[in-house]
Amino acid sequence: MQTRTARLMDGTALARRVVEETSVRAAEITRRTGVTPCLATVLVGEDPASVTYVRMKRARCAKAGIDSRLVSLPAATTTAELVGTLRTLSQDPAVHGILLQHPVGPHIDERAAFEAIAPEKDVDGVTMSSFASMSFGRPGFASCTPGGIMRLLDAYDVELTGRRAVVVGRSAILGKPVGMLLLARDATVTYCHSRTADLAAAVREADVVVAAVGRPRLIRGEDIRPGAVVIDAGYNAGNVGDVDFDTARTRAGLITPVPGGVGPMTIAVLLEQTVDAASAQLGLATR
Ligand code: NAP
């Protein structure tokens, strides 16, 4: 019997193209206005993973011709202090986008902090205002990982209308918004979460599976419908996703690798949305 091998969805290559286009747009803004698009990244404490993510995002900004301003706050920062910092950045005309690296520590009210980011600078798409705009199909910034997932689906011409999409995970930054974006594209969306009675049964019905959990190989390959599209947003220790890749790729039609699938797209969308924000704030035409 011949074994199927899914086509890989190459997030690294697509992200490179998005970043290249973004760099051209950033340079054009600088040439026309003398102002370089600027992303402020706010880091609370010194969690090694967060420090690495922020360093990576700032390096990508630099390569794309986007300025980045790092605001490092001590781990003991209070909610009020963090809210104050984010409000100040929201009012600073030299800053076009704001990224609060999370998690921010259990003593901080993360939602209150996110809500201190002005919607027009919410390039990471974390505020309730951004979520509402996205859900109502209004202009605004998508949450970056969901936005990146949609770009990947489009780049590989995945038809969504009428297809059954199963999103595993319902976090505010990933599961919930990606479900809303799929719904907006006329997919029939099912959300699964830690209380879902029979996850495998739901996955078996899916034409499109989005795994957004953070549990290594939770989605078994044998539950993937033949020919399904599998998007693995999970990232677990040892470069392992939420999907059992080796078996899933023998059944799926298209599948994202981990790493090199969803991850690079997240940063690409962040940079793109920073340039969108700068264009809008400087009164230039947007995409
Ligand atoms: P999160 O806030 O911890 O949410 C995890 C979700 O998974 C929750 O909705 C939870 O359900 C659900 N869940 C937990 N155990 C489950 C189980 N056994 N069966 C079904 N659902 C279960 O995580 P997140 O921030 O959304 O991140 C999810 C994953 O994506 C992580 O691996 C993270 O590293 C990765 N991620 C990647 C990127 C990227 O750029 N590639 C960006 C963000 C996140 P309840 O709601 O019921 O608790």
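Quick reminder: no glycine exception, Cβ is built from N, Cα and C everywhere.
Database features (TrEMBL):
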type: BINDING; residues: Gly169, Arg170, Ser171; note: NADP(+) binding site
type: DOMAIN; residues: 9-124; note: domain 'Tetrahydrofolate dehydrogenase/cyclohydrolase catalytic'
type: DOMAIN; residues: 143-281; note: domain 'Tetrahydrofolate dehydrogenase/cyclohydrolase NAD(P)-binding'
Given the recorded NADP(+) site (Gly169, Arg170, Ser171), which additional residues of the same chain have their Cβ within 8 Å of the Cβ centre, ordered by sequence?
Val167, Val168, Ala172, Leu174, Gly175, Lys176, Tyr191, His193, Ala212, Val213
Long-range Cβ environment of Ser171 (NADP(+) binding site), under 8 Å and at least 6 residues apart:
Ala212
Need one number: mean pLDDT over the domain 'Tetrahydrofolate dehydrogenase/cyclohydrolase catalytic' (9-124).
97
Looking only at Cβ atoms, how many others are within 10 Å of the one on Arg170 (NADP(+) binding site)?
19
List every residue in the same chain as Gly169 (NADP(+) binding site), at least 6 positions away in sequence, whose Cβ is under 8 Å from its Cβ.
Gly175, Cys192, His193, Val210, Ala211, Ala212, Val213, Gly214, Ala233
